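Visitor: Supplied in structure tokens, the structure appears directly below.
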Amino acid sequence: MTNWGPTGELVYNRTYSRTKPDGSKETWPETVRRVVDGNLALVDERYHLPGERADLIRLMEEFKILPGGRHLWASGVKNAQHLFNCWVSGWTEKPSDHFEFTFMRLMEGGGVGANYSNRFIDYGPVQQELYVHIVCDPDHPDYEAMKEAGVLSTEYDPDWAGAFVIEDSREGWAAALVDLIDTHYRDEVSHFQRVYDVSRVRQFGAKLKTFGGTASGPLPLARMLIDVCEILSEIATEGGQLTGIAAMEIDHAIAQCVVAGGVRRSARMSMMHWKDPQVYEFLRIKQDTGSHWTTNISLEVDDEFWVAVEEGWAGPNNRILRELTEGMVANGEPGFWNSSLSNVGEPNEVVCTNPCGEITLEPWEPCNLGHVNLAAFAHGNGSYDITGLYRAHRLVTRFLMRATFSPVADPKSREVLDRNRRIGVGHLGVASFLALCGWKYSEARTNEEFKWLLRSLAEEVDHAATQFAHQLRIPVPVKKRTVAPTGTIAKMPGVSEGIHPIFSRYFIRRVRLSMSDPDQTRMLADYGRQGYEVEDDLYAKFTGVVSIPTQDTLVAEVIEHYGQDSESLVESAADLSLNELLGFQALYQTIWADNAVSFTANVDPETYNADDVRQQLRLFGGLLKGATIFPEASMPQAPYERITKEQYEQATAKAVADGVDEDCANGACPIR
């Protein structure tokens, strides 16, 4: 019997349970066996430990270890073992390489980070002003919708011999984008009218077998090609060069195309260096344009930045910090990323993080994540299973190292993956673990036993990685430990997410389900019949929202073990100061994570202003590889809404274990 968290089975069925050949859905034990067997098959059986398969199955079924979402979705799937959640897209001598890589990884269901600092982007003038014409067979089911949207050419038709016929595949879509961008950069072009035939692209709503979800049809692709052409043609008309901001606009157009299906999600991270000539435009790009909603925004800082801030607190560097912190307090962006601190211990330069910020990566490199659920090893009487924790960390390390042998689509990624073998062993359920051990979250920084435990577990990971690398005759992973937000993963066992404190002891949790997916549509109907409030999403098409009054189950667990007066052991985000939140992140960054820590410090904008945040960043800036500070603002259909204990008791409630927002902008990851 699976011991689900209160919304765990819903999240599992929505996100990770695959449809079997007979049309039925996987159960959790079936998913676990698929994932474990797929992972073990990546290396020869002689490299398996005695009983390793049985141990992995048991620990995963009990939610004591959980690999990253891509592993749960794709491991063991024939011809589709795309096991890596996120990537960094770099820049080569050919501008289309970056955009092709971004498009392909997003279409595979991954997230992509990129550094748009202009020092990376030097391609000379855009040579050609072009015009895109979209043509389509009138018998295509989406023809009328495309005609109504105004994207079809009035000058060309599908019979024109010079049309570029777009094949109905990820590679086919990307080939059309590459053709367009490369043509913009050619010295000589015979045809300035670029005609793209979308007749072979499957219709809107068709099922996508490999990655799940439904097809968006040819309309979003047509719009993307038109948008990209307009961006580059405007630059060509002015005799200009591609800039970091313009490249962001192209990637935004690409991401909009990918998410248009209603089920598929994309996640992106955009960075720019603090000394870049476009930095002020970058810092305000979302507010000023109302666009770029497909990406998170983070400012690249370094040691020079923090020195300059201290030496010239009232100077221009403070202006950048002021813009940064005013944005944080207003809407949670930008965050910052410390490239100097992140490059310590790296054999080659890392240029960006994945969209959630827990892994710093070289160009083309993927993140490779797995997690140990600390809460599952707490006995609830002040003790914990230290032997079990060691075993779990050792097995997750080996699991992720085997995953580095999985196929990747791009040879640039293969080269860096083989060279670095980077893994990210992380924790979830940390706040739950602390409370069940009788320790307060706010006191963890001075808790010597907890700090000893983190150091000991880090040593176990490092030892296991070194030992296994020598057996496999591969390089020891350049870095091994991280903290991911685990927003979706943690919901299955119903524990706190990553190292975040719980959101609130009592709250309304809103679950979003896609109306484009038949299974999720049935879930919406079931919730409505049970009396829950169900409404259309105000922010996303084809999406419904279910509101569930909630008591965080950690409260009940702690009271069960420590008595009615122990509720104060469970500290929520609202109980903690910004200093305590950033201090906890710094603890994990300095003791546990050689990669990075993804963490969102939620603050009340009525309590903290930009000056308050600036002072805290001055204290912690040199210790943290990155930070995201998010204002808790009341908004319609917020994923979480605090309520009082009395309000909860008055409601018809289901106990739900939860933490922070699943939305990537709030520090968690929508990529499964």
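Each Cβ is built from the backbone N, Cα and C atoms, and glycine gets one as well.
Given the structure is predicted, the values throughout are model-derived calculations rather than measurements.
I grabbed these lines from Swiss-Prot:
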type	residues	note
DISULFID	C86-C367	disulfide bond
ACT_SITE	C356	active site
ACT_SITE	E358	active site
Visitor: Just the number: how many Å between the Cα atoms of C367 (disulfide bond) and E358 (active site)?
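Guide: Approximately 9 Å lies between the Cα of C367 (disulfide bond) and that of E358 (active site).
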Visitor: By the DSSP assignment reduced to helix, strand and coil, which category contains C86 (disulfide bond)?
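Guide: For C86 (disulfide bond) - judged by DSSP and reduced to three states - the answer is strand.
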Visitor: Taking just the CA atoms, what is the gap between C356 (active site) and C86 (disulfide bond) in Å?
Guide: 9
Visitor: Do you know offhand how many angstrom separate E358 (active site) and C86 (disulfide bond) by C-alpha?
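Guide: Spelling it out, the Cα of E358 (active site) and the Cα of C86 (disulfide bond) are 11 Å apart.
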Visitor: Using a 10 Å radius around its CB, how many other CB atoms surround E358 (active site)?
Guide: 28
Visitor: Provide the number of Cβ atoms within 10 Å of the Cβ of C367 (disulfide bond), excluding the reference atom itself.
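Guide: For C367 (disulfide bond), the 10 Å Cβ neighbour count is 30.
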